[in-house]
Amino acid sequence: SGEYFLNVHFLLEYNFVGKTSFGMSIFNLSNAILGSGILGLAYAMANTGIILFVLLLTSMAILSAYSIHLLLKSAGVVGIRAYEQLGNRAFGRPGKILAACIITLNNIGAMSSYLFIVKIELPHIIQGLLPDNSDYWFVDGRYLIIIISVLVILPLALMKRLGYLGYTSGFSLSCMVFFLISVIYKKFVTECPGEHSYNKTVPTESIYNSTDGMCEAKLITINPQTAFTIPIIAFAFVCHPEVLPIYTELKNPSKKRMQKVANISILTMFVMYLVTAIFGYLTFYGNVKSELLEMYSKKDTLMLCVRLAVLIAVTLTVPVVLFPIRRAVLQLLFPDKPFHWVRHISIAVCLLFLVNLLVIFVPNIRDIFGFIGATSAPSLIFILPGIFYICIVPEEQEPLKSRPKIQAIAFVTLGFIFMIMSITFIIIEWVTGKKTSGGH
Ligand SMILES: NC(=O)CC[C@H](N)C(=O)O
């Protein structure tokens with residue numbers, strides 16, 4: 001009867017006519033791509049050098065567009081409108097559960113990275129507004145995220161539908177443009193922080209970071225932190241669970257039209273990412289931290305506004321990212337049960353509690369980017385779309401030995417290589433990095 005229910009559901013949904021224009025869909029998808037990932041890109045560039053970074057960013061953008069092609073083609077065969085349903089179509093219930101779990105993991109990671117920005121930046125904002133530099137309890141980020149979670153995020157997460165979603169996406173996109181312009185401007189008025197501390201003894205973070213050369217642009221460089229580059233870039237391009245819903249909403253939908261939406265969005269974000277990374281890197285060079293905003297002066301009014309803008313955008317995005325997790329959890333634990341407020345509320349409370357706990361104990365946003373970028377991002381971008389494509393497009397249409405399928409197999413393999421490589425390197429970096437920094 002579950003299957004029958006699903007079919008009726010599908011038939012009803014087939015009458016659904018998308019109403020979103022081409023331009024608006026580009027806007028929505030760009031918003032799905034753009035997030036906290038942009039703050040880590042300058043750090044990634046500092047640890048690869050300009051040339052290697054540009055190569056990696058370009059490759060990831062192209063592969064990300066190809067992945068959307070695979071998703072659209074699989075969805076086109078049967079008219080599917082959600083990532084999890086593709087899993088269901090390919091492998092039945094286990095496939096659906098797998099997809100739901102990976103999306104849950106990914107979105108918990110995204111939520112953590114957003115709250116992490118609040119933890120780091122809100123104290124700076126408050127301190128910027130205070131006349132003195134004293135350490136009040138309310139400039140402690142750990143307390144602040146709990147307060148923000150309870151007072152702002154939880155009420156929004158309790159709404160039945162996120163009606164304000166359309167407004168915030170416009171707002172967060174404009175915040176990021178403001179951020180981008182400020183990063184470019186700051187490059188020309190900021191001196192590299194290492195420039196005057198040459199003679200002081202600066203405690204170096206690792207044996208590879210010598211103070212000299214900290215203020216020059218490197219074209220290619222490799223160090224232990226290079227391990228985080230591919231995960232950070234992959235994290236920044238994740239938008240794949242959003243692609244099919246946006247496709248369903250598109251006016252006059254066709255695969256070609258949606259691919260165009262995807263290509264334009266990815267290209268735009270690619271340019272934004274590249275400009276942020278280059279100008280952020282050329283401001284602070286080797287000193288840049290994994291959260292770019294942290295580098296800027298704490299007493300500067302322009303940067304105070306940028307911080308505030310990014311902070312509001314990020315805070316309003318947390319409930320948006322929470323909704324798909326709750327949907328996945330509800331589908332896994334309580335399938336076929338009707339809406340109930342107790343479930344709706346308790347899942348949100350538990351998720352927020354978990355994410356707060358995570359963010360309080362994680363020392364560095366790099367570790368969130370790294371972990372999510374090494375596990376769920378390659379799964380969502382490479383492995384699942386490739387496998388779904390191979391399973392869903394029938395053998396009669398495209399035999400396993402045809403070119404598109406072989407390409408898809410290669411794509412999945414690449415995803416596994418990225419995943420295993422990133423996980424290994426990151427574990428090595430975590431273990432040895434702890435050792436060299438005295439294990440705190
Ligand atoms: N893992 C994600 O969902 C990442 C979302 C988005 N690409 C970002 O940069 O924040």
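Including glycine, each Cβ sits where the backbone N, Cα and C put it.
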The annotated transmembrane segment range in TrEMBL, which must be one of 26-44, 216-234
26-44
Can you identify, from 76-97, 164-185, the stretch that TrEMBL calls transmembrane segment?
164-185
Contact count check, CB pairs under 8 angstroms to the transmembrane segment (50-72), set 26-44, 137-157, 301-323, 368-394, 406-428; argmax is 368-394
